[in-house]
Amino acid sequence: MNFEGKIALVTGASRGIGRAIAETLAARGAKVIGTATSENGAQAISDYLGANGKGLMLNVTDPASIESVLEKIRAEFGEVDILVNNAGITRDNLLMRMKDEEWNDIIETNLSSVFRLSKAVMRAMMKKRHGRIITIGSVVGTMGNGGQANYAAAKAGLIGFSKSLAREVASRGITVNVVAPGFIETDMTRALSDDQRAGILAQVPAGRLGGAQEIANAVAFLASDEAAYITGETLHVNGGMYMV
């Protein structure tokens, strides 16, 4: 998998899965623009990417911010070839206690942003007759999870959105797919007690948590020419926790 000459935009790239994706695409030759919600986060991305790309501040819920970032990318690097929608948040609560803003924040950040970003890069991809759009979903989007009705709805929505868009643009050489992680090793999971960790692992036939690099590898495959005939799919990376 060689991405020489390709421009990749990865949202939410300051740490965790987003950083692993950005570093993996850069290591394989892409120029990577990673985004963060703060200037400090954007600078951190610039620091780790070095000559392989740049960090920019982006509010994925703001159309003006999206257009500004894309203008900067066009001016310095060119049109986006690979879009990785990774930015996301959680606002967990039981439905009976969930406030409207907790619902709306998740839908805007985790779902509507994918619509806006995908639309913003689409014209150039169609003109080139080539493009890759990969969105980071979640196992919760297919199996559900108590206390996450908002998050699960958004992640399920990503799947329907991606399937529909895939049908619209497949004839132009553009693929649209979802990678749905299960439990992934993060700072949060590392802070769990032994009992809490055991409870999670009991749900995973593989007997371990996944790594951010394993998600990045899946994204890199879907972004590659080797995956040119795969579109409208959701690739589940969850150690057997949920099998579709």
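Even glycines carry a Cβ here, placed using N, Cα and C.
Copied over from Swiss-Prot, here are the features:
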- Y151: active site, proton acceptor (ACT_SITE)
- G12, A13, S14, R15, T37, N59, V60, N86, Y151, A152, A153, A154, K155, I184: NADP(+) binding site (BINDING)
- G50, G53: Ca(2+) 1 binding site (BINDING)
- S138: substrate binding site (BINDING)
- N145: Ca(2+) 2 binding site (BINDING)
- E233, T234: Ca(2+) 3 binding site (BINDING)
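Structure with Swiss-Prot features highlighted.
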residue : record                       : DSSP class
G12     : NADP(+) binding site         : coil
T37     : NADP(+) binding site         : coil
G50     : Ca(2+) 1 binding site        : helix
V60     : NADP(+) binding site         : coil
S138    : substrate binding site       : coil
N145    : Ca(2+) 2 binding site        : coil
Y151    : active site, proton acceptor : helix
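According to its DSSP assignment, T234 (Ca(2+) 3 binding site) is in a strand. Comparing the Cα of V60 (NADP(+) binding site) with the Cα of every entry in G53, S138, Y151, E233, T234, these being the recorded positions, the smallest distance points to Y151. Looking at G50 (Ca(2+) 1 binding site) and S14 (NADP(+) binding site), their Cα atoms lie 14 Å from each other.
Nearest by CA distance to K155 (NADP(+) binding site), out of the binding-site residues G53, S138, N145, E233, T234, is S138. Sorted by the number of other CB atoms within 10 A, the binding-site residues G12, G50, G53 start with G50, the lowest. Those residues noted as binding NADP(+) (G12, A13, S14, R15, T37, N59, V60, N86, Y151, A152, A153, A154, K155, I184) have their most widely separated CA atoms at a distance of 25 Å.
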